[in-house]
Structure formats: C-alpha cells, structure tokens
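> Okay, handing you the structure first.
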C-alpha cells in the first residue's frame, strides 16, 4: 500500500509532455514507459551519464539529446498537440517548440517499439552508477 501511495505522489508532480510521452509509449510500444524505462541503463530516467548500454538505452540517449536541442520551452512540461492515426502518432500545432518536443517523444516511443527485443531488465534495470562512468559520446 505504501508503494502505491508513493507512486501516486510521484505522478501528481508529473505534468505536460511527460504524461503525453507515457501515452505515446503505451500506444506504440504497448508498455508503460514509467515502469519499463524509468530506471533502465545509463540514460533512461532522470539524467544520463556514460555510454548507452544497448539499443533500448540508446533510445533514451537520443531522446535526451533531442530534448537538449529544444529551445523556447521546457520539454518536460510543454503540452503539445498530436493525433493518433492508424498505428502511428502525428505531431501537430502551430508552436514550433512544442512540435519539436512532440517529435522527440514520438521518435523515442517508436524506438522503444522497434527495440523491444533488446530490452534486458536482468542486466540493465537499476544499473549501478559506476557502470555509467565512461566519457559520454556527443549528441
């Protein structure tokens, strides 16, 4: 019960595109981004250091790089417009910054979908920080 309460408190603080990103991951990869990717590898979750450990972790690395290139809005809180069409996501709206955030999230969600078979939770879930000490590659 305590775990559910803590999870509820954490989710209350999440807003904007992070909730939308979770929805995209659910739509495209058919799994929860929060539960599957929040503590995976060196780049999935908050922050990111070292080298991506596998193709799934690379999805998170590329997503972090994409967010780093966003200007004129906060990518973690900006709410954007998108539609679900067939089996995909189409980003819309007139705000270039919000559209860029949407594209970052869309590409990452597709990457998770396309790399589901590389996910190795036994090896990379809650990876110790000392495993992520290499010099990072440039975005």
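The backbone N, Cα and C atoms fix where each Cβ goes, and this holds for glycine too.
According to Swiss-Prot, the feature signal peptide maps to 1-16. According to Swiss-Prot, the disulfide bond annotation covers 42-132, 44-60, 59-111, 65-139, 66-104, 73-97, 91-102, on the basis of similarity to another entry. Here Swiss-Prot flags 43, 45, 47, 64 as Ca(2+) binding site, drawing on similarity to another entry. Residues annotated as active site in Swiss-Prot, with similarity to another entry given as evidence: 63, 105.
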> Which whole-number value in Å describes the distance between the Cα atoms of residue 60 (disulfide bond) and residue 97 (disulfide bond)?
20
> To see if you understand the setup: which same-chain residues, six or more apart in sequence, place their Cβ under 8 Å from that of residue 42 (disulfide bond)?
48, 49, 50, 51, 52, 53, 57, 61, 127, 131, 132
> Run through the Cβ atoms and count how many others sit within 10 Å of the one on residue 97 (disulfide bond).
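Summing over all protein chains shown, residue 97 (disulfide bond) has 16 other Cβ atoms within 10 Å.
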> Give the three-state DSSP assignment (helix, strand or coil) for residue 42 (disulfide bond).
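DSSP assigns residue 42 (disulfide bond) to coil.
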> Around the recorded Ca(2+) site, report the further residues of that chain (criterion: Cβ within 8 Å of the mean position of the Cβ atoms of 43, 45, 47, 64; site residues excluded), sequence-ordered.
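Apart from 43, 45, 47, 64, the close residues are 42, 44, 46, 48, 49, 60, 61.
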> Whose Cβ, among the disulfide-bonded residues 59, 65, has more other Cβ atoms within 10 Å than any of the rest?
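Highest number of other Cβ atoms within 10 Å: 59.
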> Other than its own, how many Cβ atoms are within 10 Å of the Cβ belonging to residue 66 (disulfide bond)?
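Here the count is 18.
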